[in-house]
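Taken from TrEMBL as is:
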{"type": "SIGNAL", "residues": "1-22", "note": "signal peptide"}
{"type": "TRANSMEM", "residues": "274-296", "note": "transmembrane segment"}
{"type": "TRANSMEM", "residues": "338-364", "note": "transmembrane segment"}
{"type": "TRANSMEM", "residues": "370-389", "note": "transmembrane segment"}
{"type": "TRANSMEM", "residues": "410-431", "note": "transmembrane segment"}
{"type": "TRANSMEM", "residues": "443-466", "note": "transmembrane segment"}
{"type": "TRANSMEM", "residues": "497-521", "note": "transmembrane segment"}
{"type": "TRANSMEM", "residues": "527-554", "note": "transmembrane segment"}
{"type": "TRANSMEM", "residues": "566-585", "note": "transmembrane segment"}
{"type": "TRANSMEM", "residues": "597-625", "note": "transmembrane segment"}
Amino acid sequence: MGRAAPSRYLWISVCVLLFVHARSFYLPGVSPQEFKKGEALTVKVNKLTSTKTQLPYTFYSLDYCQPPKIVDSAENLGEVLRGDRIENSPYEFKMREPQMCNILCRKTLNAKTAKDFKEKIDDEYRVNMILDNLPLVVRIERTELRVYQQGFNVGVKGQYAGTKEQKHFIYNHLTFTVKYHQDKETGATRIVGFEVEPFSVKHAYEGEWSEKTTTLTTCNPHAKREVTSSESPQEVEDKNEVIFTYDVRFQDSEIKWASRWDTYLLMADDQIHWFSIVNSLMIVLFLSGMVAMIMLRTLYRDISKYNQLETQEEAQEETGWKLVHGDVFRPPANSDLLCVYAGTGVQFFGMTLITMIFALLGFLSPSNRGGLMTAMVLLWVFMGLFAGYSSARLYKMFKGTEWKKITLKTAFMFPATIFAVFFVLNALIWGQKSSGAVPFGTMFALVVLWFGISVPLVFVGSYVGFKKATIEDPVKTNKIPRQIPDQPWYMHPAFSILIGGILPFGAVFIELFFILTSIWLHQFYYIFGFLFIVFVILIVTCAEITIVLCYFQLCGEDYQWWWRSYLTSGSSALYLFLYAAFYFFTKLNITKPVSGALYFGYMLIGSYAFFVLTGTIGFYACFWFTRLIYSSVKID
C-alpha cells in the first residue's frame, strides 16, 4: 500500500496537468496547406473591431482600396452571430517572393469618407486580416515580454510639432511579414505567422498620376528607399489624396505548423494569473471537503438517533427534520413553473457539458472560427429532448395531468425571453449599421432550428417522460399542511438565498475575468482544461451549499424547500451580473450609450442562463438529498 499510494497520486497529478494545459489544437485529420515558391497567397479581410464601441463594421465600410469584385467567404452560423464578415482583398502575395512599395490604389477623400475615417480613428478601430486561416497581428515589444495584438489600428491621433491641435492620421503603408517553416526532410513550405507593421506616410510622386507608370519618391524599391517611420504622416482631411502601399517580407521560422497558434494563444499569458486560479480552486475544494465531512457526520448521527426512537413518547418529543416528513414532499406553489425551469436547466447543463468536452478534444479551437458558437446553438437545440423529459417527469410527480401544456411552456418560455432580448439588441446594432447585426436570413434560420427541431424534440422527450412510471415519494404526504414555526433572522428566505450564491460565484469569478476579457477585449480564450475543472467545482459547490442550507431549513421545521433550493444556488447569477457591472466600469472604456446597452443586455442574457444552470444543479442535488434522508429513517 505504501508504494501504491505515491503511484496513484502521480497518475492523478498527471491527469490534472493534462486537463489544465489542454489547449485547442487542430482537428484530427486536418492537413496543413503547403505552398511552392511563387504560388499565390490569398489574403482576406475581416471586420473592423473596437473595444470602445463593441460594434463591428465590414472592412469596405471605409474607403479602402477594393478588388475588382468583392466576394464573401463561406461563413458558418457562429461567424455570422459573431459579426465576422470575411471578404477577399486587393493585396497580392506570392510565396517567398518579397515585394517592396507596391502601390495598391490612390484615393481622394471627400467630406463623408474623411469623417468616417476620423470616427473610426477616434473609436480606436482595428483592421483584421487573415492569411491561411491565421489572423494578422501587430507585435508590441515590452520588457522581457513580446505581446501580440490582433489587427492594426485604422490610424492614430497626434499633433504637429509646435502646435496643440489634434489631427487624425491614417495608416496607409503596411509592412507585412509572412513567417514560414520549411520541412528539411520533405521541403514543404507552410505558413506559421502573419504580422504587420503599419505606417502613416504622405506619399509624394513626380508628374501626373498614373496607376501603372507613377513612381513614388517617398518609397522607391529601385532607389532602395523604404518606409521605416511615420515622420511625414498622412493627414485625414477633406480633398486630401491618400496613396495606399504595402511591403511583403518573408521570414524563415523554426516554429512548426502544429505550434503556429501558440503566438496568438500566449498573447497575455501571465504566471500570476495561473497561480491565483489554482489558489482559488484549492480554497473552494477545501471548503467543499469540509462541508461534505460535516454533513456526513451530522446526518449519520441524526439517522441513527431517529431509528433508535422506539416509544411513542420519545417520538413525540423528537425535533428536527424528521418532524416535517408528512409535508416535505408536498408540491410547491407554481409547481408548473418549477418544472419548466428545471427542464430548461437540464437542457443548459447538457449543452455546457458536451460543448466543454468537444472543446477539450480540440474540435472548437480558435482556428475553427465560429465553431464554438455554432456548437452551442446546435447542442442547445438537440438538448430539447432532455428538457422535455425532465420537466414531464417532475410534472407527473406533482400529480399534473396536462403534459402538453407543460411541454409548450418548456419549449417556449426561456427561448422566447432570450430571443426577445436578442431581437431588441440586434435592432440597436442594426440601427448603427454595424456588421454585427444578424441578417434576416440568419434570424429565420434560428427560428427554423427552434420551431423545426427543438420544439418537436421537447415534445418527444415530454411524451417519453410522461409515459414513465411516476416517481414515488419515500414518505406519505399529510392532507393538512403543517404550520411552519417562526424562523430566526438568519434563516429568512431572502438572506439564506443571497448567502447561498456567494460560494458558487467564488468558484468561477477568476475564470470569469478571463472569459469577459476574451469576449469584450477581443482576445482568444483557449484554457478549456481549466474551465472544465472550474465547471466541475461549480457543480460540486452548488450541490453542497444547497444541501447544507436545505438541511438547516428542514431542521427548523420549514418544509418549503422546492423553490428555495433552486434560488439558493441560482442567486450566484446575481453576483455574476454585479461583477459584470464592476468589470464594465473598471476594465472597459465604453462611452457610447448603445454600446453600454449591448454590454448589459448580453450580460443579462448570460446571467439569466447562469441562473437557470446553477439553480437546476442545486435543485436536483436537494431533491436527491431529501429523498435519500427520508428513505433512511423509520416512519410509522
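Cβ atoms are placed via backbone N, Cα and C, with glycine included.
Nobody curates TrEMBL annotations by hand; they come from automatic prediction.
Counting residues 6+ beyond its ends, the transmembrane segment (597-625) has Cβ neighbours under 8 Å at 54-55, 338, 341-342, 344-346, 348-349, 352, 414, 417-418, 421-422, 424-425, 428-429, 500-501, 504, 520, 538-539, 542-547, 550-551, 561-562, 565-574, 576-577, 580-581, 584, 588, 590 in the same chain. Take the transmembrane segment (497-521) and the stretches 338-364, 410-431, 443-466, 566-585: counting Cβ pairs under 8 Å, 566-585 has the most. Residues 19, 22, 24-28, 332, 371-372, 375-376, 379-380, 383-384, 386-392, 394-395, 398, 400, 406, 409-410, 413-414, 528-529, 531-532, 535, 562-563, 566, 609, 612-613, 615-617, 619-620 of the same chain lie 6 or more positions beyond the ends of the transmembrane segment (338-364) yet place their CB under 8 Å from a CB of it.
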